[in-house]
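Chemist: As annotated in TrEMBL:
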- B:68-118: domain 'NADH-Ubiquinone oxidoreductase (complex I) chain 5 N-terminal' (DOMAIN)
- B:135-424: domain 'NADH:quinone oxidoreductase/Mrp antiporter transmembrane' (DOMAIN)
- B:35-55: transmembrane segment (TRANSMEM)
- B:117-135: transmembrane segment (TRANSMEM)
- B:141-159: transmembrane segment (TRANSMEM)
- B:171-194: transmembrane segment (TRANSMEM)
- B:252-274: transmembrane segment (TRANSMEM)
- B:280-301: transmembrane segment (TRANSMEM)
- B:332-354: transmembrane segment (TRANSMEM)
- B:375-393: transmembrane segment (TRANSMEM)
- B:413-436: transmembrane segment (TRANSMEM)
- B:456-476: transmembrane segment (TRANSMEM)
- B:504-523: transmembrane segment (TRANSMEM)
- B:604-624: transmembrane segment (TRANSMEM)
Amino acid sequence: MENILQQVGIDNYIYLSTLLFCVGIFGVLFRRNAIVMFMSIEIMLNAVNLLLVAFSTYHQDAAGQVFVFFSMAVAAAEVAVGLAILVAVYRNHNGIDIDNLKKLKG
Amino acid sequence: METNLALLLLFAPFAGFLINIFFGKKLSKTLTGTLGTVAVAVSFAATLYFFLQVLQTKTPVMVNLFEWLHLANFTVNFSFQLDQLSLLWLMFVTGIGTLIHMYSISYMHDDENMHKFFAYLNLFVFFMITLVMGSNLLIMFIGWEGVGLCSYLLIGFWYKNQEYNDAAKKAFIMNRIGDLGFLIGIFILAYLFHTVEYDLMKAELENGWSVDKAWLGIAMLCLFIGACGKSAQLPLYTWLPDAMAGPTPVSALIHAATMVTAGIFMITRLNFLFNLTPDVLEIIAVVGAVTSLVAASIGLVQNDIKKVLAYSTVSQLGLIFLALGLGAYEIAVFHVITHAFFKACLFLGSGSVIHALHGEQDMRNMGGLRKVMKITFVTFLISTLAISGLPPFSGFFSKDEILMTAFHHNKPLWVIGSLASIMTAFYMFRLLYLTFYKDFRGTEEQKHHLHESPTLITFPLIVLAILALVGGAISLPGMSWLNEYLAPVMAKPAEHHHLGNTEYMLMGIAVVGALIGIGVAYAKYIKKGEVPPADAQITGVTNVLYNKYYVDEIYTAIIIKPIYAIGSFFKNVTEVALSGFVFGLGRAATLLGNQGKTVQNGSIGFYLLVFVLGVCSILGYIFLVK
């Protein structure tokens, strides 16, 4: 375990996950396709997972890895629900471009 | 036994009220009428029993039901007191009440709401009995308010006529003004004596309880204002003439014989307190005398038969207050009783006339009824002679006593009272001549239907006329049964006027005065055969009198108009300002909302951007600023 961190170093993990997170944010903000946005969200989620695992190793504490398992299970369920919603949206609107979804306008 | 009988006396009319109000509609008209009459007759019988008992034993019957209120050092019992004064009052309240109920069976027979009429009449008698029987001021106050309520209900009995409703409201409001005074008076007395029981107050005074004279004076003045409202004295008298809107038996029962005497009863009841405040008595005497003169002068020119009687009632009540103010409570009671007899008879007689003419009340359209309505005429004549104060009719004795007392105490008041008496003789005979003499002036149709009233109407008339004839016997000058009888409830012994030359001269003056009044009426309406002119042709002083000195108009101008002005000020200025402010707040909120809702544009991308910026700024704040 330790040698992995010795080989790469904790700071690199932090940079990577920050980078992944930012990629996710920009994906969510600037893409109009709902599925791509969805994927971006998943990237953000996994960026956090990566960080958790890295810190868990750094601190010699397995709890972080356990959390990641939970988080991934929840994410899987969330993906199922999210995709189902997207399918429903597609059927009603013939598309999943979020610019067409303005029913919540006040 | 005594308790039960006293309760029967009190609650018999109330039972009649309950039955009539809830089941009256299903019962036949004769039955509701009979029920109402019997209910009051039962009370009369019970009163008679107690009256005879107290006459023998000379000890009052006290009935204490339960403790009503108990505060630190102040207790009010729900108790009743049947002593000489209250029994005397009950005698004529229930006695005349019974006769008038009987009369109403026939008089109201064509009315669709007859059961309601009897229910209200019974309720009235119930409250009147409560007023008279109560052993403390609070119970009297219950009855006091109750009779006011019944008066309102009965004046506005024909509620489909808006004028009658207005008259009812007027009576109620005028009475309320007086009631406020009465209530304040009770409060002050409760503060001074720590009790409102008559006997306890009296006992405290006898035991040398020191009372603040100034406060007592204010209390008595307040009570007198209450009496003014109920007994129609200046300046609160204007409701009584308008109260003639009610059916005639109501006028006879409530507005002549019983309710209006409540104020007199109260003052007589509290004579031991009023004696301590001679200044208030002075005021009472002056108010009474002036009222009697003012009302009599208005009565001179009225053309509505019931209005004349109404003003004569106010005038006679004024004379009674004059007697009260002079401290001659026995004489006041005496005149109350004789007045109850002849005034009830007069009102019922006028009712009989109105009945025969199918609702006609204007004397200009009457005349000549003497030939068709013999019984009504004779009874009316007797009562008219009685009210005019001619011997040997009852009114002579009581009125003469009042004037005699006035002469001994205060000459100007005697002059005023005598003038009022002369006027009374004039307008009463004017009424008699216009109604019963000469030829009939109504329509042919009415003439055709003229008839004497049925026995149920004439019987009470005859009884009352007999009483009006002989009623004076209870207190003959020199040997007064009444004074002796009332002595236990009076703080001071009655004055005895030695029948000397002065007294005979005064009697002579009174009789001559009455004869002058009658003579003038005779010359004017029989000899010359004058008929009062139509409303439009009335001019000069007569017009002022005919319009009752414009008192109603004055009240409208100085009280009602300003109140309306204040009301419209609040409506037009204050309300507009306030509602502008409140609605302004609402409008501001809506405006803000309209602006704010543009943020919510429905674009998910925009929401996310704002969301991310928000998170960034929070994080930035936490890490950088802090």
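For all residues, glycine too, the Cβ spot is worked out from N, Cα and C.
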Chemist: Can you work out whether the transmembrane segment (B:141-159) touches the transmembrane segment (B:413-436), with the criterion being 3+ CB pairs under 8 Å where the paired residues are 6 or more apart along the chain?
Modeler: no
Chemist: In the same chain, who gets a Cβ under 8 Å from the transmembrane segment (B:252-274) while lying at least 6 residues past its ends?
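Modeler: Beyond its ends, the transmembrane segment (B:252-274) has Cβ neighbours at 85, 89, 92-93, 96-97, 100, 103, 121, 124, 128, 131-132, 140, 143-144, 147, 150-151, 154, 178, 182, 189, 198, 201-202, 205, 216, 219-220, 223-224, 226-233, 240, 243-244, 246, 280-281, 284, 309-310, 313, 317, 320-321, 324, 327, 329, 332-333, 336, 339-340, 343-344, 346-348, 351, 489-492.
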Chemist: For the domain 'NADH-Ubiquinone oxidoreductase (complex I) chain 5 N-terminal' (B:68-118), what are the DSSP-based totals of helix, strand and coil residues?
Modeler: 29 helix, 13 strand, 9 coil
Chemist: Looking at the stretches B:35-55, B:280-301, B:413-436, B:456-476, B:604-624, which one shares the most CB pairs under 8 Å with the transmembrane segment (B:375-393)?
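Modeler: Looking only at B:35-55, B:280-301, B:413-436, B:456-476, B:604-624, the most contacts with the transmembrane segment (B:375-393) come from B:456-476.
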Chemist: Does the transmembrane segment (B:280-301) come near the transmembrane segment (B:456-476), with 3+ Cβ pairs under 8 Å (pairs 6 or more apart)?
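Modeler: Answer no: the transmembrane segment (B:280-301) and the transmembrane segment (B:456-476) share fewer than 3 Cβ pairs below 8 Å.
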Chemist: Going along the chain, which residues at least six beyond the ends of the transmembrane segment (B:413-436) come within the CB cut-off of under 8 Å?
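Modeler: Answer is 285-286, 289-290, 292-293, 295-297, 299-300, 302, 305, 308-309, 311-312, 315-316, 318-319, 322, 326, 353, 363-364, 366-370, 373, 377, 380-381, 384, 387-389, 399, 402-403, 406-407, 509-510, 513-518, 520-522, 524-526, 531-532.
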Chemist: Summarise the model confidence on the domain 'NADH-Ubiquinone oxidoreductase (complex I) chain 5 N-terminal' (B:68-118) as a single mean pLDDT, whole number.
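Modeler: The answer is 88, the mean pLDDT of the model over that range.
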